[in-house]
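> Quick one: this structure, given as structure tokens, is what I'll be asking you about.
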Amino acid sequence: MNGYLNGHSHNDVKIPNKWSHYPQNVGILAMECYFPLQFVDQEKLEQFDKVSSGKYTIGLGQSKMSFCLDNEDINSICLTVLNNLMEKYSIKPEEVGRLEVGTETLIDKSKSVKSVLMSLFEKSGNTDVEGVDNVNACFGGTAALFNAINWVESSYWDGRYAIVVMGDIALYAKGNARPTGGAGAIAFLIGPDSPLVFERGLRSNHISHAYDFYKPVMDSEYPIVDGKLSVVCYLNALDKCYQLYKKKFQNLSSINALNDLNNNDNYSNDEKKNNGNFNLNSASAFLFHSPYCKLVQKSFARLLWNDFLENELSECQMNSLDQYKNLTNEESFLDKQLEKELVKASETLFKKKTSPSLLFAKEIGNMYTPSLYGCLASHLLSKPIENLRNTRLCLFSYGSGLAASMYSIVISENKNERFTLEKLLENLERHKTKLNEHRVEIEPELYDKYLQQRELTNKKVPRVPSFDTQTLYPGTWYLKSIDENYKRKYERVPNDSYNLETTRQILVNQLSIL
């Protein structure tokens with residue numbers, strides 16, 4: 001279908017002969033996002049929590065935090081983002097051969113979110129859809145994405161599309177971790193001849209055992225977090241993935257399996273520097289899983305440290321860091337003065353290559369599995385389309401416990417008439433408008449009151465949610481009820497117009513009477 005089995009063009013990414021039998025330019029064809037209507041302002045949350053001014057906004061780098069009410073759960077937000085993706089891009093259920101889900105928001109220890117999403121396929125009769133849920137903290141979305149890419153490139157691929165859905169509702173107990181919450185979902189359509197092409201052979205991984213963040217209490221939505229250990233685990237995984245990615249890049253370059261950057265106009269001048277070696281000049285953007293934005297800045301600075309250790313910095317940068325070169329790896333994670341020097345030395349590059357990708361992270365908070373891909377959406381929204389084409393993006397995904405990967409995407413000029421970069425960007429622009437103009441701010445007092453109520457009622461059955469459908473965006477799937485056997489029923493808000501001010505009043509009134 002759609003010519004998938006009849007060969008594929010490779011206008012932009014030169015595929016080595018050993019890969020010529022694969023479908024080409026496999027990657028992201030379309031993208032859809034969802035975030036809840038309501039949010040809390042982080043500056044006001046600082047005041048409510050009686051912490052020092054700037055602790056959340058400057059110390060963490062956060063601006064707002066989205067959250068779901070009890071009429072939404074992980075199944076409903078994933079239904080919403082999947083339904084919207086298929087509607088906006090006119091994707092028929094029978095065109096889909098794989099549906100992967102990534103989440104760490106578990107409401108059932110056996111039944112998958114994927115099985116609930118299959119309700120959208122019932123009328124079509126298409127039950128031949130591979131894939132289930134992927135769970136490993138914030139890494140599940142990336143695992144789902146890799147599974148989809150691998151399927152399209154495998155002997156099992158039958159020419160149909162793959163869809164990846166990732167979503168989470170991140171909640172924390174009252175205290176220092178609460179402002180690092182968030183909620184949202186993202187869906188991708190995966191196939192060949194895509195505008196966002198995954199570079200073959202360039203994927204590094206680091207997986208190990210750690211108790212940095214985990215959720216062993218099955219009747220609680222809150223995690224147990226070792227904040228200091230979590231940061232060290234994240235940065236160590238980043239080091240490992242970056243160093244291994246560099247080696248794979250160099251190995252592929254040395255056997256001419258990678259694009260000839262010096263003779264290929266598909267890359268910017270920055271990306272043509274240091275041919276054969278990968279460093280901060282080798283990609284137009286570096287995107288990170290973002291628990292909070294300040295960690296992302298420290299992570300970008302950490303890449304500079306790795307380049308320094310391989311003598312890949314300017315003489316000026318080398319001189320400023322030379323005094324730290326004898327630190328052990330463990331010492332370098334904990335040295336605050338080194339951290340400050342690295343942030344300072346990398347500031348200009350950070351503002352150019354990473355800071356523009358933090359819009360969703362600042363405005364929505366930590367979406368867990370979709371967090372990195374909110375950064376991808378933000379990056380795509382930050383530049384004119386002509387400045388996006390023919391660039392490489394380097395992405396780092398992390399999930400506590402822990403699993404991490406680094407890989408790269410090339411933004412191509414493939415002439416896929418159905419799924420264009422222009423259409424993908426137009427859809428993301430609508431989400432940017434919604435983010436800025438069509439949300440409702442909730443005072444921290446009401447947010448705190450709601451979470452106290454949620455702790456008491458979230459596990460009770462039978463139950464009908466406290467909030468009605470007037471507190472939701474049009475087209476949103478919602479939880480209608482849970483019966484005495486814990487069976488959940490979902491319905492969809494009609495795609496009618498709505499009045500934001502009326503919605504605001506209803507929402508505040510319903511929160512006030514809890």
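Every residue gets a Cβ built from N, Cα and C, even glycine.
Any TrEMBL annotation is an automated prediction that lacks curation.
From TrEMBL, for reference:
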{"type": "ACT_SITE", "residues": "E104", "note": "active site, proton donor/acceptor"}
{"type": "ACT_SITE", "residues": "C138", "note": "active site, acyl-thioester intermediate"}
{"type": "ACT_SITE", "residues": "H289", "note": "active site, proton donor/acceptor"}
{"type": "BINDING", "residues": "N176, S230, K294, K298", "note": "CoA binding site"}
{"type": "COILED", "residues": "411-441", "note": "coiled coil"}
{"type": "DOMAIN", "residues": "22-195", "note": "domain 'Hydroxymethylglutaryl-coenzyme A synthase N-terminal'"}
{"type": "DOMAIN", "residues": "196-492", "note": "domain 'Hydroxymethylglutaryl-coenzyme A synthase C-terminal'"}
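Provide an account of the burial state, proximal residues and distances for the features listed.
Sequence-distant neighbours of E104 (active site, proton donor/acceptor) (same chain, 6+ apart, CB under 8 A from its CB) are V135, N136, A137, C138, G140, D168, K215, Y368, T369, G399.
Summarising the environment of C138 (active site, acyl-thioester intermediate), the number of other Cβ atoms within 10 Å of its Cβ, over all protein chains shown, is 31.
Mapped onto three states, the DSSP output places H289 (active site, proton donor/acceptor) in coil.
If you take the C-beta of N176 (CoA binding site) and look for same-chain residues 6 or more apart in sequence within under 8 angstroms, you find G227.
For the coiled coil (411-441), the list of distant contacts is 2, 9, 11-13, 25, 28-33, 35, 37-41, 64, 66, 88-89, 189, 191, 193-197, 266, 359-360, 363-364, 377, 380-381, 385, 388-391, 393, 473, 500, 503-504, 507-508: same-chain residues at least six beyond its ends, Cβ to Cβ under 8 Å.
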> Give me the long-range Cβ neighbours of H289 (active site, proton donor/acceptor): same chain, 6+ apart, Cβ under 8 Å, in sequence order.
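For H289 (active site, proton donor/acceptor), the qualifying residues are C138, S371, L372, C375, F396, S397, Y398, G399.
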> Of all the binding-site residues given, K294, K298, which residue's CB has the most CB neighbours within 10 A?
K298
